[in-house]
Amino acid sequence: MGRAMHDFDILVVGGGHAGVEAACAAARMGVRTALVSFDPARIGAMSCNPAIGGLGKGHLVREVDAFDGVIARAADAAAIHYRMLNRSKGSAVWGPRVQADRKLFHAAVQAIVATQENLTVVPGEVAALRFEGARVTGIELADGTALSGQAVILCTGTFLGGKLYRGEEIMVGGRIGEDSASRLAEQMYGLELPMARLKTGTPPRLDGRTIDWAALEEQPSDGEDWTLSALTPARSNPEIFCGITRTNARAHDIIRANLNRSPLFSGAIDAQGPRYCPSIEDKIHRFGDRDGHQVFLEPEGLDTHLVYPNGISTSLPVDVQLGMLRAMDGLFHVELVEPGYAVEYDHIEPRALTSGLRLKDVEGLYCAGQINGTTGYEEAAAQGLIAGLNAACVVLDREAPALDRATSYMAVMVDDLTLHGVSEPYRMLTARAEYRLRLRANNATARLTPLAIELGCVGGERAEWFARREEKRARLDAALDSQASAKQMQDLGLPVKSDSGKMALREWLRFPTIDFPDLAPLVPEVDTGTELAAELAEDAAYAPYLARQDAELRELKANEAITLAADFPFAEVPGLSSEMVERLTAARPETLAAAGRVPGVTPAALAAVLVHTRKRGRAAA
């Protein structure tokens, strides 16, 4: 390795979803970036389920895409099954989800990484972080190679101190067949960083040729034309169906009879697993009254017989896994290709991080993905993007992107993590966002791409596409300002009262019985059937509700503008109880708005902090 490979601006450790987004985001910003991976050939591999998106998660994917990220483009290149979840509810909580061909997804990520300017892939195990005082200055590889950088982003996934469990078997590793980052984990514990352990798991992989598909309920792809990335012109792959079966009393009996052989119940694993993706043994133990649990049989690709049984993550012994599977309809003769297993791993206490995902007490050290206590590809990708952008802004001496709970699900997630911490793997849900009417999956581009362009992390193709989109948006906006009378509505066959008067088309769209395409004869100069037209129509429909939030948002913005120093002396605030001092000192919120979201902090305490910040400001002036 020549000296040119030794010196970088940013070093990203780990080639999973967080690492890829962090490295590519930093490189798009123009800084020299190294992506360090155990095995570069595995960069972009899907460790668990072959799917991208879902409830809350689809919002994150679209937001990462708005910054010209990788995950949505790769998912579209690999998509073989599409579902828009929550379609029966309002569009604010719709969840776009695609099932991906693993090989195609991996190939798409590899191609994007290989062609990304300013990005160098470095093979090797990171053995240690290098420091000067309290600042990280680089990393050392297991072979002794030293790489220097102004920032290091740890995206270690489940590899940091990873252990794999299957029945009585215990193996060292972060993923089956791959080693764990044990030396780096030892160093981080030695640095007395706030660390803990969490657990996740994966189901067995099945041989699809041994499944009786005719005995299963079919779940077809949705047949529409939406995609995850705004830059994807159309769906490109054949679409397949998934099968649905259920666990049953016989399968439950097999599981119950062998709970003592599960590491979750034998005491081998004491780390907490994900609440919203429990193992099948956990489901049977906690929900013993249920007569069955759905299992979605998802083909892993177009040219493979592997099938992913979504819903039965397990670490039971192999013989028990096979027995419970063969008790289910359609699986009486199924064969296992790879048994399921659980993985326990180290993570950072996320309250030790800033809103830019930098460790508060270590300059230049960032963390993203499962190392921060989250679960899921989409959560990891979003954190990788945020860490990469913030680290690049420090290198370039630019202001970091201003994201808050009213502008993105990404900021909701980071705010939840850094203020509340985790006691179990965190996953994104639409219910976590109090401003979700503003944060629809289909308006991520409008919300975030202008900021992305301002930051300089958007490529030429997306910038040109966005400029054309804005021209179309302006024409649609002008059309929505057109006036129409109740009689004109009735002439179109729309059920409105004669005394409704004359209104702008955007106001007529607030009527639940009127859709934008219904108004096409009134505005022939625009296409009312596009995704962009639907987005603007939804903006119009939600406008009265959003207006009611405006005062609340103004207060949020004002409080976000009041910053609190990392060493803010809460103990010196007059009238602040010892409990409030303890809570605020532990959380170390960066703004007054963040202080208000610390659990247990009262409005009175917040007012006292505000008064004290103003006094400090006057004294310093």
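Each residue, glycine too, has its Cβ placed from N, Cα and C.
Remember, it's a predicted structure, so these values are computed and weren't measured experimentally.
According to Swiss-Prot, the feature FAD binding site maps to Gly14, Gly15, Gly16, His17, Ala18, Gly19, an assignment based on sequence analysis. The NAD(+) binding site annotation in Swiss-Prot covers 273-287 and is backed by sequence analysis.
Structural mapping of features recorded in Swiss-Prot.
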{"residue": "Gly14", "record": "FAD binding site", "DSSP (3 states)": "coil"}
{"residue": "Arg275", "record": "NAD(+) binding site", "DSSP (3 states)": "coil"}
{"residue": "Glu281", "record": "NAD(+) binding site", "DSSP (3 states)": "helix"}
{"residue": "Phe287", "record": "NAD(+) binding site", "DSSP (3 states)": "coil"}
Between Gly14 (FAD binding site) and Cys277 (NAD(+) binding site), find the distance joining the two CA atoms and give it rounded to the nearest Å.
24
Count of other CB atoms lying within 10 Å of the CB belonging to Arg275 (NAD(+) binding site):
13
Can you tell which of Lys283, His285 has the least company, meaning the fewest other C-beta atoms within 10 angstroms of its C-beta, among these binding-site residues?
His285
Does Gly273 (NAD(+) binding site) have same-chain partners at least 6 apart in sequence with Cβ under 8 Å from its own Cβ, and which are they?
Leu198, Lys199, Thr200, Gly201, Leu264, Ser279, Asp282, Ala342, Glu424, Pro425
Cα proximity to Gly15 (FAD binding site), best match among binding-site residues Arg275, Cys277, Lys283, His285, Phe287:
Cys277
Determine the most Cβ-crowded residue among the binding-site residues Ala18, Cys277, using a 10 Å radius around each Cβ and all protein chains in the structure.
Ala18
Long-range neighbours only, meaning 6 or more apart in sequence with Cβ under 8 Å: which ones does Gly16 (FAD binding site) have?
Ala45, Ser47, Cys155, Gly157, Gly369, Ala380
Check: same-chain CB within 8 A of FAD site center, minus Gly14, Gly15, Gly16, His17, Ala18, Gly19:
Val12, Val20, Glu21, Ala22, Ile43, Cys155, Gly157, Ala368, Gly369, Ala380, Gly384
In whole Å, how far is His17 (FAD binding site) from His285 (NAD(+) binding site) when you measure between their Cα atoms?
32
